[in-house]
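Colleague: According to TrEMBL, the protein has these features:
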DOMAIN    35-106  domain 'AP-5 complex subunit beta-1 N-terminal'
DOMAIN    250-626  domain 'AP5B1 middle'
DOMAIN    687-757  domain 'AP-5 complex subunit beta-1 beta-barrel'
DOMAIN    781-879  domain 'AP5B1 C-terminal'
Amino acid sequence: MAAPNPEGWPQRVAVFSCSPSHFLSSTTPEDFLSDLLQDLKDDKVGESTKVLMLGPLQEHPTILCPSQQVGEQTAATLLGVFSQMAHTPKYVNLKCHLMLSIATVIISTSVVKQGVKVAEGFLDLLFQTAQDTNDQKHGGMFRPLRAMACDCLREVETCCPGLLSHKLEALYSLKQQEITPLHQAYTLLYGVALRNAVHCLTLQKDVMDGDLKKLLASNEGFAWKTTEKPLELVPLTTMSRIPVLPSNVETKELKSVVSLLLEECYLLTPVTQAALLRELTQVVSMVQSLSPAIFKSQLLRLFGTMEISLLHSTLQMKGTFTDSLFTAEDENFLLKRLVGMAQHPLLSTPQKLFYIECILHFPENRPISSNGEESLPVLVTPRMAASLFPTVFNDSRTMLSRLNILSLVYLEADEEEGIDYIFDHLMALHKIVDHHGTREMTTTFFRAVYIFMQNFYLNERYTRDLIESLSELYRRHYTLAPNLINLVDSTQKLLEDSSWPTDLLKALQVLIVELPLQQLIHQSLYWHLKVLGRVAKEEQASQRSTVRFLLNLLINSSLCGLGDWRIGNALLSVCRNLLQHPNLDHVFIELADLLQFMMHSFEDVDIQDHARFYYTLLTNLSKEKLSGVLNMGTVGSQAKIRSLSSIMAESEELSSCLTVHRTRQPVLKLVKLSEDNISEVDALYHKLFCICLHFEQTDSNYERVSDVSVPCLIYDRKPCVVSLTLKPWRPYPTVLHASAIFTTEDGLSWHTQLDPIPIGFPDLFLPLPVPVHWSQGSREQLFHQLWNSLSPEESSPSATSLFCFEVGERSLKEVIESSFHQYLVSKEANPESYKVLLFLPPQFYVLLKIENSEDAASVSIITDNWKLLPFINSYIKCITDYSADSTQ
């Protein structure tokens, strides 16, 4: 496959990044990777383009390098490009991206192993680059390259723990020598290497007294043995599983190193501080003889921080060391600070929500439960949390998070007065929704009800009042049916032993069946049927009133005569649920009457057919077989005819039927009217139906192309002919992206990508728009008038050009006849000359005077749009070059 034009890489990379699977449907990862690596080695490709080309390798390395072998070859190629590049400031940015790409590839494809030359060479390169401390060798212009080398080393060490464990002394020396802002990068690199080295030591058997000291002073090669069995680092939250060193190991040197790192910590940025504190916390937790009190000097500064990253590290530290480092007073102070920050007026909403989450997951010194779920710290009392009480003026997320934490507080305190406050807040939201609140407020109200029920479902006084309030709300706003159904489903999953969801459904059922027929307007009836359909799934709810209500509704109203398909399907949905009800025997006769009435009276054939089908099942099958038929799933490859009613019935085939599947490769092809070989396709696609061809422009030079529909396409029959109408705003060459959606014989819908459709400049040529009966003299007169009128002026968009070419053995007449025959206005024999008039929509002209002389032919060009000159010159050059080549 030929490599693409380097200028096309930005578009290719953009399409790949948007959807790699969609992009690779028209090519293969091997071809794309080959093109990419080939152009990376091309000196003609610009630096910025190469940086862009490295993006796919950095973002999706495993897609382009699916195996270790491909990853190794790719990394070797990239390393070769890096080494061949001149060591000048001009290429620093590109070298940084190359370094990052190599690190990403070798890590993602597990190439970091002993004996792999590219891994060994790359790690040596990284370490050599990092050794140029304070820019002594190459100067400050190469500092970004050192920063990237440190980051790559840290990433490799993180993914292959222990690889740098034999280089701790060298890394410590580099950190101490560096005095530029890169000191932070060296510090983080040393912190990660130290943590992993200590972890590796804890996993060894028979650790001797001097092993830790020897480890800190090591300055050898890379520890490749650690890559054979990668370590699984244990999270800080699981202290019981963290391996520890024996208590008899000498830790004097380690304590000195940790103390020095903590002393320098305040000089680092907050994010770097937080990362370093996490590493040191794990180091101390793995060394028994090293007291957590070593962090005591940092606590005062950390308690007063406004930086979220540092606070997060502090809480991790507290969860690790608990009362070994934090006293009860420290714990109380931290909680008060979190409560205060959760309502600080100068903080953003996401920051306040973070502080509330910290309270709910606060690591206590003596936790009651350790399951990691939301639980309220013992020290959080109603008095401490009173300032967090929500108001209707809070945004949705803040209101719900505050309501959640207050509910937990009053649930633990068992204060009836506090629960009253929460219920009053709930009723305030209820009033807002009742008075046509916004969609967001409506959603917030139902989520608030869910939180309330989650905590106070055992309090019958509130749950009873809540059912009454929700029923009255539905009476006035029937469009809230989906919200109520969702609330019932959610609370039923949460509270498996509670009868509240069923009681709410019973209340809604009573409300609906007691409504007078005059109030059952057409719009509200659909939502009422949705609610009754959900009630029909409840075993504890009596269904007789529902069936009688529906039968009375159909007999005493004009619904059957109207034949509304949507209402009919809602009725069938209720009937379907009733057919699967455990107490079907109690409503057998009434349900049979209802289905019989529908199949005889409902003015819609589809509804009649389904009602007849349900009636047949009801009267001929046992309850077990009836349930089995209605719950039957999809059968293998059997072709099915799906009607809309089967979709509305909410069967298990819903997702498969409504999903548009994507083909692995194009199964359709658009070709111009010419002989074209038909390629083999899967037998699944031999019969296609309801084909919709969709076209997308790549620029704004054309009016939108309408979709084209094709009824069917059979593999061994004559292909269909379709025509595209292009309406250009500007007559420039373009490319149309084409795709198709179709249905196969088994009823499934598919989407396939077609080959792009190129629209060349000559495709836009149209003959002169003049009456057919015009004589040649009239056409020549028009040509001369246009030529004179298009003479360019200073403010005119018109332009002229002259193009000369050498005529080969093929005569000028043959060239003109083959390319401009339809647009020829006149021709003269002596001297040989031709006049050509091209019309380009929407309303542009290109006039050509072509004359032949002894040495060469000349083409005088004039047009009313100077932007067309590059295209017409390019086209003439193309046809004349072809003429010359064809004679050789």
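Even glycines carry a Cβ here, placed using N, Cα and C.
Tell me what's around each of these sites.
Modeller: Computed over the domain 'AP-5 complex subunit beta-1 N-terminal' (35-106), the whole-number mean pLDDT of the model equals 93.
Note on the domain 'AP5B1 C-terminal' (781-879): DSSP counts are 35 helix, 36 strand, 28 coil.
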Colleague: Taking pairs 6 or more apart in sequence, does the count of Cβ pairs under 8 Å between the domain 'AP-5 complex subunit beta-1 beta-barrel' (687-757) and the domain 'AP5B1 middle' (250-626) hit 3 or more?
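Modeller: These two stretches do not touch.
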Colleague: Reported in the order helix, strand, coil, what are the DSSP residue counts of the domain 'AP-5 complex subunit beta-1 beta-barrel' (687-757)?
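Modeller: DSSP classes over the domain 'AP-5 complex subunit beta-1 beta-barrel' (687-757) add up to 0 helix, 37 strand, 34 coil.
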Colleague: DSSP-wise, what's the residue breakdown of the domain 'AP-5 complex subunit beta-1 N-terminal' (35-106) into helix, strand and coil?
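Modeller: Secondary-structure composition of the domain 'AP-5 complex subunit beta-1 N-terminal' (35-106): 57 helix, 0 strand, 15 coil.
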